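Engineer: As annotated in TrEMBL:
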type	residues	note
TRANSMEM	12-35	transmembrane segment
TRANSMEM	55-82	transmembrane segment
TRANSMEM	94-113	transmembrane segment
TRANSMEM	119-143	transmembrane segment
TRANSMEM	155-177	transmembrane segment
TRANSMEM	197-217	transmembrane segment
TRANSMEM	245-271	transmembrane segment
TRANSMEM	283-301	transmembrane segment
TRANSMEM	313-333	transmembrane segment
Amino acid sequence: MIQPALIKRQRLILCLLFLLIIVTMVVGMGLGYASLSYDRLLPTILGKGSFKEEFILFSIRLPRIIITLLAGMSLALSGAILQGITRNDLADPGIIGINSGAGVAIAIYFLFFPVQAGSFIYLLPVIAFIGAFLTALLIYVFSYKKNEGIQPVRLILIGIGFSMALSGIMIVLISSAERSKVDFIAKWLAGNIWGTDWPFIWALLPWLVILVPFTFYKANRLNILGLSEQVAIGVGISVERERILLLITAVALAASAVAVTGGIAFVGLMAPHIAKALVGPRNQLFIPIALFIGGWLLLLADTIGRNLAAPDGIPAGTMVAIIGAPYFLYLLLKK
């Protein structure tokens, strides 16, 4: 049974994070290469702004903010699931190569298949999922030992190896591509939020709507899988079935996010860790907080990055990596 004090603490933290997200969104709406003063935000939202103000807010700023928030949530939840099923605190879809697998699949499709504007946006998450799932499956197979299960350190090392190999494949693909297509892939590699229109939101949102409730439904299974295989088998859980099902969920969440944001790592590493530090390791408690933290982290990184070096800005993936890489090294040394 969850202690009432912990539930109260969780609700308080969620309220504070919600306020933090709202404040960051408001700040992000007003900042940018094209000016939109804060005293004009509310009138513009209510439909009383000029054509220029409404275009800046509803066609440029707001879609990007929402996409960044949703993608950060997806990556955070993916990281939380991966850490639970592998019992490895260093697991992250960006670090262990899942994002790179999605990127290679997107690059192959973009370079060698006919792209139709109408369907391209909605196909991207599916294509990314196929590439990410094949990569995750290979990493899982190479990390697994029959009598010992998943080897945490082995998983990280193999994942990093796959990530480097897939990045090399991406460079080979770029070297033989047209200049216009190279620019797209280069932006993807840097973690530049390139999906900045409303259709990208509709392409990403269904994955979250389905997979977030499913993860909450499986939260208790994640708790048990996080203990040991012997305990999980002892309480009657089909370990491999649950693990593969949750792995598919984590891969789908990561793939749907990076399909519209590019290769962003470390959000799935940091958000679950911070959430666990606040309310403990129980999935029912920390996953909602991890969702909010992940969304806010990526939103903050993108808001800072796109305003530091206007008009092009610094990619959100680079901003997150500046924070995430030292945090990863800290965890690596600690563990």
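Note: Cβ is positioned from N, Cα and C throughout, glycine not excepted.
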Engineer: Test the contact criterion for the transmembrane segment (119-143) and the transmembrane segment (197-217): 3 or more CB pairs under 8 Å, pairs 6 or more apart in sequence, then answer yes or no.
Structural biologist: yes
Engineer: Taking the transmembrane segment (245-271) as reference, which of 55-82, 94-113, 155-177, 283-301 has the most Cβ pairs under 8 angstroms?
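Structural biologist: Out of the listed stretches, 55-82 contacts the transmembrane segment (245-271) most.
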Engineer: For the transmembrane segment (55-82), which recorded stretch in the set 12-35, 197-217, 283-301, 313-333 gives the largest number of Cβ pairs separated by under 8 Å?
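Structural biologist: Answer is 283-301, with the largest number of Cβ pairs below 8 Å.
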Engineer: State, in range form, which of 155-177, 197-217, 283-301, 313-333 has the highest count of Cβ pairs under 8 Å to the transmembrane segment (12-35).
Structural biologist: 283-301
Engineer: Mind checking which residues reach the transmembrane segment (313-333)? Cβ under 8 Å, same chain, six or more beyond either end.
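Structural biologist: Apart from its flanks, the transmembrane segment (313-333) reaches 68, 89-90, 92, 95, 187, 190-193, 261-267, 269-270, 273, 297-298, 301-302, 304-307.
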